[in-house]
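Chemist: This is the structure I want to talk about, given as structure tokens.
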Amino acid sequence: QDLPGNDNSTATLCLGHHAVPNGTLVKTITNDQIEVTNATELVQSSSTGKICNNPHRILDGINCTLIDALLGDPHCDVFQDETWDLFVERSKAFSNCYPYDVPDYASLRSLVASSGTLEFITEGFTWTGVTQNGGSNACKRGPDSGFFSRLNWLTKSGSTYPVLNVTMPNNDNFDKLYIWGVHHPSTNQEQTSLYVQASGRVTVSTRRSQQTIIPNIGSRPWVRGLSSRISIYWTIVKPGDVLVINSNGNLIAPRGYFKMRTGKSSIMRSDAPIDTCISECITPNGSIPNDKPFQNVNKITYGACPKYVKQNTLKLATGMRNVPEKQT
């Protein structure tokens, strides 16, 4: 281009972009190593190491599992009627009551976790002809023998244990969760001394379901001084339905029901400390920012979280291909 003037000077106009001394390597469909002037990391690869208590309501299980809190293990009484968005179970959690098992533990745990509440309503069950409120030295409540607070251990009265047949209708407009159990004595002598009959039976029914459990008498590994066990079961009673309990022995009866709710509550196993901070996304490793589209911290998440990927890094090129000028 000629410049105005009398000296016939010319200038050159260059179209292009600035190169940088040290570009960023990115992957493309056709090449694993392309250097560009600028790139943005898309993968969140670290956590804060702590769980933020805002905006989600975090309930720290401390020494209690969710199921122990549900049953009413004496050392978990502090959790009665609690609510949460995320229940955090710790590796140090332990049971400290009558040894038990839950045949479908994971399903019950998930059901209660998603409900987000341990709200419990006591009901007036009538248990005629039996002794109520059984306890054990394996389940101390203070200095005294105790039991799970949400369950009622029924044993013989005098020398009899009559057939029990109890009904409880659901006249409300929400689902009710009933927790009950079956006692498995360690010997035949223990069976008859508690329930008279040589073999008990427990049947729990609604219009939609029925469960019949026959106790398994026999010695098991000793736990807290006991070789007997309790198996825990549950029944959901829908509005308009009725709960029917029939038994001639070995029944661990419900004292009422847990009010079921629908929502997005959940549970997570983590030993990360809980802190006063704000984060929408929580993993077992701790909270993470959600300003990137991907994360590789943990597959398990709660809240509004980036999508999990296996890659440690994914970069988005935000600049042109970097071709520094070679000078001699």
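Glycine too: its Cβ is placed from the backbone N, Cα and C atoms.
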Chemist: Where Swiss-Prot annotates a disulfide for CYS97, which of CYS64, CYS76, CYS139 is the other cysteine?
Modeler: CYS139
Chemist: Tell me which of CYS76, CYS305 Swiss-Prot records as disulfide-bonded to CYS281.
Modeler: CYS305
Chemist: Looking at Swiss-Prot, which of CYS14, CYS52 bridges to CYS277 via a disulfide?
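Modeler: Disulfide pairing in Swiss-Prot: CYS277 with CYS52.
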Chemist: Far apart in sequence but close in space: which same-chain residues, 6 or more away, have a Cβ under 8 Å from CYS277 (disulfide bond)?
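Modeler: In sequence order, the residues whose Cβ lies under 8 Å from that of CYS277 (disulfide bond) (at least 6 apart) are THR48, LYS50, CYS52, ASN53, ASN54, SER287.
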Chemist: Please tell me which one of the recorded positions listed here (ASN63, CYS64, CYS76, ASN165, CYS305) sits closest to ASN285 (N-linked glycosylation site), measuring Cα to Cα?
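Modeler: Nearest by Cα distance to ASN285 (N-linked glycosylation site): CYS305.
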Chemist: Should CYS76 (disulfide bond) be counted as helix, strand, or coil on the basis of DSSP?
Modeler: helix
Chemist: Any idea what the Cα distance is from ASN63 (N-linked glycosylation site) over to ASN165 (N-linked glycosylation site), rounded to a whole Å?
Modeler: 37
Chemist: Name, in the order they occur in the sequence, the residues of the same chain whose CB lies under 8 A from the CB of CYS76 (disulfide bond) and which sit 6 or more residues away.
Modeler: ASN63, CYS64, ASP68, ALA69
Chemist: If H, G and I count as helix, E and B as strand, and all else as coil, what does DSSP give for ASN165 (N-linked glycosylation site)?
Modeler: strand
Chemist: Measuring Cα to Cα, tell me the gap between CYS97 (disulfide bond) and ASN165 (N-linked glycosylation site) in whole angstrom.
Modeler: 28
